[in-house]
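Participant: This is the structure I have questions about; it appears just below.
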Amino acid sequence: MTHIYNFSAGPAVLPKEVLAQAAAEMLDWHGSGMSVMEMSHRGPEFISIYQAAVRDLRELLAVPDNYKILFLQGGGLGENAIVPLNLVGRKAQPATVDFVHTGSWSGKSIKEAAKYATVNVAASSQAEGFCGVPPQSAWKLTPDAAYLHICTNETIDGVEYPFAPELAGDTPIVADMSSHILSRVIDVSQYGVIFGGAQKNIGPAGLTLVIVREDLLGAALPICPSAFDWSVVAEHESMYNTPPTYGIYIAGLVFQWLKRQGGVAAMEKRNIDKAALLYAALDADDFYQNRVAKAYRSRMTIPFFLRDESKNEAFLAGAKQRGLLQLKGHKSVGGMRASIYNAMPIEGVQALVDYLNEFAGR
Ligand SMILES: *Cc1c(COP(=O)(O)O)cnc(C)c1O
């Protein structure tokens, strides 16, 4: 088999070391005689796996003590409902929720939240084709909003926030970080809630991560399912119902791998280098095109187009021959997309760049 590099948007590439360790431990975890998949989530073996995962994630992101780390199910899209179900009850009904619309994923969040709250789109980059983030000075925020929702990396559009918003009032910021969490240093204390599906930059599909400030707990609407009520989940250490145990185990191995790489700051340095290498090849001449304004270009999820779209099929076929997989763009935007998450080594980006240059005849 030729060496493969997987540029899938998600489920996505995982560190080879992590997969090898999981394979070695598959039938007998640490002499327990059991696979992690077969363990009770309440037994001492799994509890130790869970506790290490929480501890390592807290360390990696420097999560302050007044924040809970929750492992749920339901994915990023599930959180689009779970967030308003947990937060709009903080205000008199009907409550207003603010959004910044920067692409496909924040658009989906807006639609879902409208089932539970009055939605105010405080700013949108839709008219400009989602090529950036509207400057914070132009956001028309609601003074008494239950929260402000942003998507800090628009996976499909390839737009990433280069800044963390700072609000004057006490409106909590909810950030969908599904596709770039752990790729760059963040200050958790600037957010009320951070959430993300695991399948982009953490681990397998089926696990959803929520980091929530404690004072935001306890306001769930009466119709909120108990299994999605963050205060109930927090009270039960993410074991109110059976959590996605194997997903938590793999995520925990990824957290340990990240620590061995030097942590999030070290990953961020590598991610800057990887993205710079790829964008330089895309920008070298007119053969390829990335339409996002430079200041907002994602380091993780990079859509691009061939100017001559009649060459798309040939491009993808040649990429596949060279072991460069899953480069086809999202169906809603077409073209190509390279997702270069933490687990994508710079060698993979270099292999893609070599192919980009070769295909362009450079
Ligand atoms: C993938 C993605 C989602 C949706 O995640 P699911 O797990 O499929 O529900 C939501 N938000 C962002 C930013 C994503 O990249």
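Placement of Cβ uses the backbone N, Cα and C atoms for every residue, glycine included.
Summarising the annotation, TrEMBL assigns domain 'Aminotransferase class V' to 4-352. Look at TrEMBL and you will find R42 tagged as L-glutamate binding site. The pyridoxal 5'-phosphate binding site annotation in TrEMBL covers W105, T155, D176, Q199, N241, T242. Look at TrEMBL and you will find K200 tagged as N6-(pyridoxal phosphate)lysine.
Help me understand the surroundings of these features in the structure.
Facilitator: Taken residue by residue with DSSP, R42 (L-glutamate binding site) is part of neither helix nor strand, so it is coil.
Same-chain residues at least 6 positions away in sequence with a Cβ under 8 Å from that of T155 (pyridoxal 5'-phosphate binding site) are, in sequence order, A9, G10, G103, S104, W105, S178, S179, K200, M300, T301, S339.
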Participant: Taking the Cβ of R42 (L-glutamate binding site) as the centre, count every other Cβ atom within 10 Å, in any protein chain shown.
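Facilitator: So the number of other Cβ atoms within 10 Å of R42 (L-glutamate binding site) is 9.
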Participant: Long-range neighbours only, meaning 6 or more apart in sequence with Cβ under 8 Å: which ones does T242 (pyridoxal 5'-phosphate binding site) have?
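Facilitator: Result: H41.
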Participant: Within 10 Å of the Cβ of K200 (N6-(pyridoxal phosphate)lysine), how many other Cβ atoms are there?
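Facilitator: So the number of other Cβ atoms within 10 Å of K200 (N6-(pyridoxal phosphate)lysine) is 29.
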Participant: From R42, W105, N241, T242, which binding-site residues have a C-beta atom under 6 Å away from some atom of ligand 1?
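Facilitator: Only W105 meet the Cβ criterion.
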Participant: Express in Å, rounded to the nearest integer, the largest CA to CA distance found among the pyridoxal 5'-phosphate-binding residues W105, T155, D176, Q199, N241, T242 named in the record.
Facilitator: 30
Participant: Give me the non-local Cβ neighbours of N241 (pyridoxal 5'-phosphate binding site): same chain, 6+ apart in sequence, Cβ-Cβ under 8 Å, ordered along the sequence.
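Facilitator: Spatial neighbours, sequence-distant, of N241 (pyridoxal 5'-phosphate binding site): A227.
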Participant: Among the binding-site residues D176, Q199, whose Cβ has the fewest other Cβ atoms within 10 Å?
Facilitator: Q199
